[in-house]
Amino acid sequence: MNIMDFNVKKLAADAGTFLSRAVQFTEEKLGQAEKTELDAHLENLLSKAECTKIWTEKIMKQTEVLLQPNPNARIEEFVYEKLDRKAPSRINNPELLGQYMIDAGTEFGPGTAYGNALIKCGETQKRIGTADRELIQTSALNFLTPLRNFIEGDYKTIAKERKLLQNKRLDLDAAKTRLKKAKAAETRASSEQELRITQSEFDRQAEITRLLLEGISSTHAHHLRCLNDFVEAQMTYYAQCYQYMLDLQKQLGSFPSNYCNNNQTSVAPVPSASPNVIGSSALTSTSGLVMTSPSNLIDLKESSGSRKARVLYDYDAANSSELSLLADEVITVFSVVGMDSDWLMGERGNQKGRVPITYLELLN
């Protein structure tokens, strides 16, 4: 029975405190009651904390979008994280593209120029996918996790103490209002005692809140170190991708000069050992690959004129400086000073660009 009486009294006291705060807050909003202002230093700290929270949330969310553009995947990862379970491994976009390229190249035939190129591109895309996965893991651990810990940990504590400070201020101002309205000596004595207590509690809570808020500077220093880690992770990722693509470009660039499509050579005319073919001592191996010596090419490069040439195989230009070719078409070719020995300048109507010499047969 005594316990029940105690609980009832406590509930009544809490209800009275809540009502007093509500009345004080409403009168302040209506301009009918005075409000105790926080000191300028504490206000600046509160503003700095709020600003840090807002921008940390925005940076964190946009970083998540950058690392994982798929919103459904982000939601799934969030659910698994809340359940404290590891999300299932999922193939990423570069890895999926790489697998498609490898499968296509295998079906077209690794022995064909296009099939071989697709396989090499696919392998590179899968390497980029692996690097992408490493970037996500490193960034999540070294950058996103500290930001999230601040939002869900430190700032929640600050927000809790800030709310408590607001309540203590309302109690203090309500006590001040009651003291002003007190007329009887006994009532004034009671109100003055209440004011001293609420003032002491407010000052103590303000000090606790100030100490917490001053830790924001340390938070900024920690987030700066995390930002450096994120930049380093991105630098490593982009350097890896650049190196992978550079190596791939070199491999694809070597195709025109040392690789012929075996499927096409079976139907294309094989250059004979005659002056008409670039490299008059052309030799045909059992595999159908043509090896040439550069005797006629030297004559062409030393001359200032141009020659007609028939295209032996289809060729897709690798960039804007090259000219795409179709098998059996006739184009005009000529030499340009300083050009690599494996290339000539080709011309078709108003189109002009570099062409690989191993794809051509000179005509009389």
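Keep in mind that glycine also has a Cβ here, set from the backbone N, Cα and C atoms.
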Listed range which TrEMBL flags as coiled coil, given the options 88-122, 123-157, 158-192, 193-227: 158-192
For the domain 'SH3' (304-364), the number of residues DSSP places in helix, strand and coil: 3 helix, 29 strand, 29 coil
The coiled coil (158-192) [mean pLDDT, rounded to integer]: 88
